[in-house]
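**Q** Pasting a structure here, questions to come.
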Amino acid sequence: RTNDKYLILVSVFHLADMSRYFHFSRLQVNIPHSGTLFASLGSSVTIPCSVSMSSESPSTYSASIEPRIKWSVVSEEVETQILVVRGQRVKVNELYRERVALLNYTSSPDDLSLWLKDLRSSDSGHYRCEAQQGLEDASDLVQLKVKGVVFHYRNALGRYAFTFHQARDACEAIGAQIATVDQLLAAYRDGYEQCDAGWLEDQSVRYPIQVPREGCYGDMDGKPGVRNYGTMSADDEYDVFHDSNPQKFSFEEAQLYCRSTGAELATTAQLYWAWSEGLDRCSPGWLSDGSVRFPIITPRERCGGAPAGVKTLYRFSNQTGFPEPSSLHDVYCFNGESCT
């Protein structure tokens, strides 16, 4: 009986000691940012992270062991490893090669800040900074949201009808900005394709192609990529790339309906933003520029087929002209917070 009691006391002591060990773990990882980080499509972002050692630490900790540093991202419940570092050895996921770096880690091992460039919409997610040393590990998490969506925009009068200055004005008129080269590249790398050439901010004319085919080969010898016409005269004419209610309405009625609800007709850019945030509506509706469009997240045959995106209704079979203002459609309103 004496021996049994002794064994029980020893077991309780060890459990208490382990509890103290994990509660006062000296390894601490911190991302000094509250809330969500926002960055623009095609830009770069630095996600800050630091590692420190608490003074309240067990003597069993071995500082001689090289720490293992890991960055990963969780998106749509799938975790993807970005990079792993142990000492001077760095392993980068091929998906992120030449796009990521630990800017200050070599000179300051306590600084684990991650730099990520050429941001794509698919880079949105929860980023985890993790450190492991010996038996100890710690991590912290922050959400990154990449804002912006690139879309093709055509003059209601027909294909290739904007000069460069007209294209820039048309973007502003629908609540958008003319896209940059980096933004078009970011959209292309996320799967965007458009076989119509459009103006970009640097006065170049380009278009992105995923599947080369007749009429869309451009200057890349049958390979996928962004076709480039180069810098064009500002007077040349091209298209441009920009960063519901069950009742049916004419264009004028749609304007009145939105105002009656304390909102305004949504712009094309606002509908694309809502689509990028997850809006899926298989119902063509009026927008403020007189166009009729609808956002599709999950492609299906009766909703314009593949691919996903914002679909447009044209007046003519050659994909030109907006619908007659007297024709009846749904409507998309914007109230300053969301598109409905």
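Cβ atoms are placed via backbone N, Cα and C, with glycine included.
So TrEMBL lists these for the protein:
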- 32-147: domain 'Ig-like' (DOMAIN)
- 149-235: domain 'Link' (DOMAIN)
- Cys195-Cys216: disulfide bond (DISULFID)
- 239-335: domain 'Link' (DOMAIN)
- Cys282-Cys303: disulfide bond (DISULFID)
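Explain the structural surroundings of these features, please.
**A** The predicted model assigns the domain 'Link' (149-235) a mean pLDDT of 90.
In the shown protein chains, 16 other C-beta atoms lie within 10 A of the C-beta of Cys195 (disulfide bond).
Each residue in the domain 'Link' (239-335) gets a DSSP state, and the totals come to 22 helix, 24 strand, 51 coil.
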**Q** Rounded to an integer, what is the Cα-Cα distance in Å between Cys195 (disulfide bond) and Cys303 (disulfide bond)?
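**A** Answer for this pair: 21 Å between alpha carbons.
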**Q** Under 8 Å between C-beta atoms and at least six apart in sequence, can you list the same-chain neighbours of Cys216 (disulfide bond), or say none if there are none?
**A** Cys195, Tyr207, Ile209, Arg227
**Q** Out of these disulfide-bonded residues, Cys282, Cys303, which one has the fewest other C-beta atoms within 10 Å of its own C-beta?
**A** Cys282
